[in-house]
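These come from TrEMBL:
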ACT_SITE  HIS337  active site
ACT_SITE  TYR346  active site
ACT_SITE  ARG400  active site
DOMAIN    115-440  domain 'Polysaccharide lyase 8 N-terminal alpha-helical'
DOMAIN    484-741  domain 'Polysaccharide lyase family 8 central'
DOMAIN    757-817  domain 'Polysaccharide lyase family 8 C-terminal'
Amino acid sequence: MISPRSRMNRPCPGRRLCDIEPPWSSVQRCRDSITSAQRLTIGVVSRDHAPMDSSMKLKAIPMDRRLFLGLAGTSAAIGASLLLDSRSVAAWTVPPSAVTDSAANATFAMLRIRWRDLNLGVGFDPTAAPFQAKLLSLGTQALSFMNTMAPARGSLWPTLSYLDPEPDGDAESIAFTAKITSSFQRLWTMAEAWAQPGTGHTGSQTLLDAVIAGLDHLTSDAYSPAHPRFGNWWDFQIGAARALGDTATLVFEHLSSARRAHYAACIDFYLPDPVVSSYTGLSTGANRVDLCRAIAISALLSENSARLSLASAALSPVFDHVTTGDGYYADGSFIQHDTVPYIGSYGAVLSDGVGRLLALLHGTEWEIAPPNLPKFFDAVDKAVAPLLYNGFMMDSVSGRSIARPATSGFVRAHSHLASIALIAKGVESATAERWRSMVKGWLLRNAVEPAMGYSAATTVRLAYLDELLRGTDVPPAPERAESRVFAQMDRVAHKRVDWAAALSMASARTCYYEYGNGENLRGWNTSNGWIQWLTPNTMDQYTGNFWPTVDPYHHTGTTTSLKPLNDGEGVAWGRTAPDTPWVGGAGDGSLSIAGQYLKAISSTLEARKSWIFLDDRVICLGAGITASDAAAIHTTIENRRVRASSDNTLTLDGVTSVPRPGDSATVTATWAHLSDHGGYVFPSGETVHASRQTRSGRWRDINSSTSNTQTVSETYVTMTIDHGVNPGDQGYSYVMLPGASSEQTRRAAACIHGTVQILSNTASVQAVHLPRLKTTAANFWQSATVKDLSSSGPASVLIRVSGTEATICVSDPTRTTGRLVLTWERAVNAVLEQPDTLSAVTTGERLRMEFEGLAGTQGATQVVRVSI
């Protein structure tokens, strides 16, 4: 363990608001007062100039759709569609400025208009739900901030003192710098209420004066070249920089030239050119996008062409597929902080920022149109979509953000959906229609935390989604059936229309879990083979108070030691990982096999774990379970949050068990069923320890950064397999049937040996044959032979027979195999399709395949198709 102060000499990856819609980013609206001729020249919707109050009527201006359709280029289409709504745009403006832009700076004036549109939203009706209530709430909040603002040395609000008596890089200093960002964010909220219609304070001179006074205070008292950086780098280079830049851009025409230059200089002091000169360290992935975004906003204030060129050029590396470190990989994996799978939160930040910058700079000399841009667009289908189910983003790719109160996978998904809706405006029509249909389907199927009802959602995001929902030309798409092995981030996503699952593992490449800034203190075991699964009837499973109340030693699917662990066990920011390379799997896009050589955190526990993901079930195998911790070792079959009313009945072999909270039982059974959730089959019989327990906790227990100390309670039904203390070569086998009824589970148990044949479950090889599916799946932990399949070394193999053809999917999860020989004792006529790694093949009475160079494939599945 390292103390917060021991981190003083290394940069902190940052306190992020990835999944939270912070108050300062609630949307506003305003327009530069440039001439009508200039508006026509730059292709911007004309606005009437007139003072405006909260009761002012809005004027609809019809748009020429041909103008929009005539624009070419990916980013051009995005930006144009933001400015030119093909139906109509509700138009309004703030009181005109005394400053009139000349033709020389018309381009920057146009860019500032675009940026305001991107922050404030266009085309929504401020008198309609949910906008009306949101705007009124915004006005109330802004008024409260204005009335409590009290500039003093070390603070702009008494409750947000940023005067650190010992400025350094410790936890206390991080807390102080967070208050600088929070202070700027409050000013953004006030500016928003001034600019947006329907807030009750639209165009208020008093509010505007307060905003500018607040900016002056913060940029002289806390955030300027006179104040060296301390605490959290993120606050100075991203959080405060973005909030200051956005606010100043919003009130730009009411600022003197000296103020504009001063605000830009403050941002530039903390963001000099070298910050984005190389794609390393903290300047990668989502962080790089945010840094470019802050630099671009500063350039809009100072009208600095060179700085805007820097922001545009520095974004290009984000679009390339990486092979190590942060960013998107070719298989759709996304990593941030070097080792943390982060599509859910940092991935959303990246997509949002890229989408906005593409739209901002389209058609200008700074346009972002590198040849690698299509790789970014591919991420929607390859990375984001597989991990979204009915509008829920899987927690296993959301890092420490799962420990934040008032957020959930639904909330994190909202940002992704809005970003996809924005980016869809700039891709070719077939892709755009498909994406929009996907988003609409996710929106409509989310009845738990609907995006349009989320109180903290920004108006601009609501505007994108509202436009999509109201569009009669966009049919909602159902969930697509797919199964993806994300070898580069040790995750598997498996979806069917009526259920979905995500598997989370850890390896020498990915961490056990991430904690940082006091967040996610007990996420220790979330990569020990955790299976997060959902059905349409259980979409609220991981919402509400799940995370502060769930037993952190008993996540579904995990094998864990009950040896006590400290809060924040290991090294912060994902710096603790096992030394095992054998983690990964193989799949054909429909079915998958995955395996994990488990070495648990701060424990001697080791195990070989395998999963086979099928149409209606997940087969779970464990072998070689050993430990010498002098602590019990458990495999958790299930740990499901249930209703406190106890009407989620658990039955073991058809007999009701643990009906009341506090009950526990140990039963040897062949099947189990939890009503409204699903079934479980034990092919060899298992001694199951079942319990129904009411657990209590506080968000503060898992996130020391939150002030939420309320004690909350939830009820859980748990089933575990107890491997004993210091086990040697123990194992298990069971089958999960998500959404199955009790009768379906009973029938599955009755015929299990005819449908699931476990060929081997040892520390050498775990293999299953599925006669009805004509499918064999095997994880070779070492050289071994099982039935008619043999491998010369470590490999993950999935073989499917269909008619007169067979598909063999092979991967090297260890990434260390130079040469692999795989033999299938099955008559094969010819090879129909093969990868470059297949160096030699023999057909006839048996199929012998020799692979070379698998170590360089980064665990990716190699597909061989043969005729039989």
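The backbone N, Cα and C atoms fix where each Cβ goes, glycine too.
DSSP assignment over the domain 'Polysaccharide lyase family 8 C-terminal' (757-817) gives 3 helix, 38 strand, 20 coil. Its Cβ placed at the centre, HIS337 (active site) has 25 other Cβ atoms within 10 Å. A helical conformation is recorded for TYR346 (active site) in the three-state DSSP classification. Calculated from their C-alpha atoms, the gap between HIS337 (active site) and ARG400 (active site) amounts to 12 Å. Across the structure, TYR346 (active site) and ARG400 (active site) place their CA atoms 11 angstrom apart. If you average pLDDT over the domain 'Polysaccharide lyase 8 N-terminal alpha-helical' (115-440) in this model, you get 96. For ARG400 (active site), applying a Cβ distance below 8 Å and a minimum sequence separation of six or more within one chain yields TYR513, GLU514, TYR515, GLY516, ASN517, GLU519, ASN520, GLY523.
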